[in-house]
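Below: one structure, written as structure tokens.
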Amino acid sequence: MGKKTQKKNSKGRLDKYYYLAKEKGYRARSSFKIIQINEKYGHFLEKSKVVIDLCAAPGSWCQVASNLCPVNSLIIGVDIVPMKTMPNVITFQSDITTEDCRSKLRGYMKTWKADTVLHDGAPNVGLSWAQDAFTQSHLTLQALKLAVENLVVGGTFVTKIFRSKDYNKLIWVFQQLFEKVEATKPPASRNVSAEIFVVCKNFKAPKKLDPRLLDPKEVFEELPDGPQNMEAKVFNPEKKVRKRGGYEEGDYLLYHETGLMDFMKSEDPITMLGEYNKFIVDEEDHDWKIVKKLKQTTKEFLACIEDLKVLGRKDFKMILKWRKAARELLGLDEEEEKPEIEETPLTEEEQIEKELNTLQEKQRLSVKREKRKKNEMKQKEIVRMQLNMINPVDIGIEAAELGRESIFNLKTAEKTGILDKLAKGKRRMIFDQNELAIDNDIHIDENAPLDDRDELAEADELESQLDAMYSNYKERKSERDAKFRAKQARESSEADNWNGFEDKQSDEENEEETKDYVDDDDNSDLSDSDDDEAINQLIAKLKSRENSSKLSSKARALFSDSLFEGVEPDLPGKADLADSESVGDVKQLTKKRKLNPLPAEQISEAESSDEDSDFEIVANNEDGDVDSEYDSEEEAKRTKQEKHSKDIDIATVEAMTLAHQLALGHKTKHDLIEEGFNRYSFRDMENLPEWFVEEEKQHSKINKPITKEAAMAIKDKLKALNARPIKKVAEAKARKKHRAVARLEKLKKKAGLINDDSDKSEKDKAEEIAKLMRKVTKKAKQKPKVTVVVASGKNRGLSGRPKGVKGKYKMVDGVLKNEQRALKRIAKKHHKK
């Protein structure tokens, strides 16, 4: 018998893709490469109506394109070798580097442009790797040239290249012409192969193209190597760099020596430290005899220069310091004295002209800088508005810029500390020279550079921008965060503290002063926008003084009680001891009334006992019964307190600790008041940005200590809350309970009817009622338990009921039984969770 012939397996080409290509009817295994690339990069072939395949032989990529592209698509394949015809594919023989191929493509394409250009060509390899790789890169560049001429805007170019030194140059060229360039290696490509595929998407289609970009001589030009980086070798000696480019021609030695004095006199010491292995000392050298006496010339130094390749950074620095000291000793680093150039003094006109030119140049640079900043701000705002990030705020910022160069600025007055004087006086609108010199914003030095003034304006502008950005940030956060909205609502609803009784007389005087001040200001010639702002701020400040002398909302609610209707608003400035005692009695009386309301007789007696005091408590001008009104109001207040006491909940460990301390008597009310006075109580937040104040609130509070018992109490409370059933379970239980109650009510009605029936005896009534009770209390029918019997051993092939099995049964094999047990175990596990 003859030997069975077997096809040669060249480098593993007869793999699974070879047999898959045979089964699918493709001409080569490379068809799966383009299939995998197409799937990875968004199925670009399915969207392409015109496809060009360069170096297409034997035509496997054209077959894939004809299968994946839409119907009636134009597919053109070209190669230097002839190909068999394929359905729905135009093929012709030509060299892609010639003009003949370019003209034939134009003839087939007419006015169309290609959506995708494919290139899977490779030269005949076998000479030398450097030559083969360069030929492949040259072929890829020619394919790119054809693609640039025929691709549509946004088209795709897929090409094969070899990994070589020209790879980065080609990638750079691709990146100039396409928006997205990625290198990939599909699974169908063998690992031993040096080929990789580059996918270039979104062709830019430039109107003007530099011809050097597609010229092989320009693209693959050999550039001279730059100077070798010896600093990395000296200052990072631990990092070894391989000589991937080989060694210099003619230099076949790895060991080099030179003289120490040559190193000292060299202008490039770093390079010599990186190149040489040893520095030789010539004892007869005159310079060495001089520098030998240096204190840096130690035994350690002489040992280091014996072998430079084993030194570290510290040793190299020591050698460089020795070289510097030696050069200073020998006078090699002395600079030559430059001849002094006599400066001719400028005349007065020339000096004025020079200063004028300097000022004009500074002014031009300042205007240019401001213009650039405004353009940058507008660009940022346009981008933000396009992304729907914020509302346009340019109008407000530009409006704020209008009054910046005004004569009078109230912000400046506030910085100088004269705002209080302005508020007190009526016609003071001009600052003194001494006061003007306090702040740099008002006192402008004529000799000061323009940059200082610009910096102040920039600071004000930046502050206004930050405030606007912070307000926009709060608006955006409140839109998307419900907790932040609730926090803002709580902060806005907080009531002000009581600051005392209002003084009507002082308020009227302040109003008159404000009115006179405003009238005088209206008659003045200052009608700028800053003056209006100043007036508004002054009026606001005066009104704030009025508000500070008035009652807060809580105080008004307290003193609106009928008990205080007769109290005179004007209190004496200095009260005697009897007055204070009477006030104390009133407080004690009201406290007792809150705790235990007194009868009307006792209240009248208490009031009559206080007639001798100077302080009039209540003036009963009305004929109504005060006691009944007081009792009703006390009851309403008590019910309101009881209602709100239910809402009080101790939810934090700190609150629980404080509650424990108050309950056990470790702390009193006085202690809590004392704790309220701390370093954060009177922190000055005036004239600070809002965003800074909000951020400081998180840190401007005392961390109060907590106890283990309080933490355990909160933990138990949370555990009890978490132990409650979910809403769905609670609703189901409630429905079940409701149905049970309804059935019980129905049973009661039926039992009542049976009991009212006089025709029946007591025994019959009892039996019927017991029958009804049994119907209500009967348990649900339980499903009969099914016994599982394994069909193995004596039960294998058994027909009929197995021995010893009662009730329902089920014959199963071992696998099914294990599966059933596993399902039960999983269901039980989930039920526990």
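Each residue's number is its place along the chain shown, starting with 1.
Every residue, even glycine, has its Cβ placed from backbone N, Cα and C.
Swiss-Prot names Gly59, Trp61, Asp79, Asp120 as S-adenosyl-L-methionine ligands; from the candidate set Asp95, Asp132, the record adds Asp95 to that same site. Among the ranges 221-249, 453-481, 569-597, the stretch that Swiss-Prot annotates as coiled coil is 453-481.
The S-adenosyl-L-methionine site in the record is lined by Gly59, Trp61, Asp79, Asp95, Asp120, and its two most distant CA atoms lie 18 Å apart. With the fewest other Cβ atoms inside 10 Å of its Cβ, the least crowded of the binding-site residues Asp79, Asp95, Asp120 in this structure is Asp95. The distance from the Cα of Asp120 (S-adenosyl-L-methionine binding site) to the Cα of Lys160 (active site, proton acceptor) comes to 5 Å. Gly59 (S-adenosyl-L-methionine binding site) sits 16 Å from Lys160 (active site, proton acceptor), counting Cα to Cα. Among residues of the same chain six or more beyond the region 'Disordered' (776-810), those with a C-beta under 8 A of the stretch's C-beta atoms are 743-744, 747, 817, 820. When the Cα atoms are compared, Trp61 (S-adenosyl-L-methionine binding site) and Lys160 (active site, proton acceptor) turn out to be 13 Å apart. Annotated pair Lys160 (active site, proton acceptor) and Asp95 (S-adenosyl-L-methionine binding site), C-alpha to C-alpha distance, rounded: 17 Å. Here the region 'Disordered' (776-810) is broken down by DSSP into helix, strand and coil counts: 5 helix, 6 strand, 24 coil. Annotation: Trp61 carries the greatest number of neighbouring Cβ atoms among the recorded positions Gly59, Trp61, Lys160 [cut-off 10 Å, Cβ to Cβ]. With helix defined as DSSP H, G or I and strand as E or B, the compositional bias 'Basic and acidic residues' (477-493) counts 16 helix, 0 strand, 1 coil.
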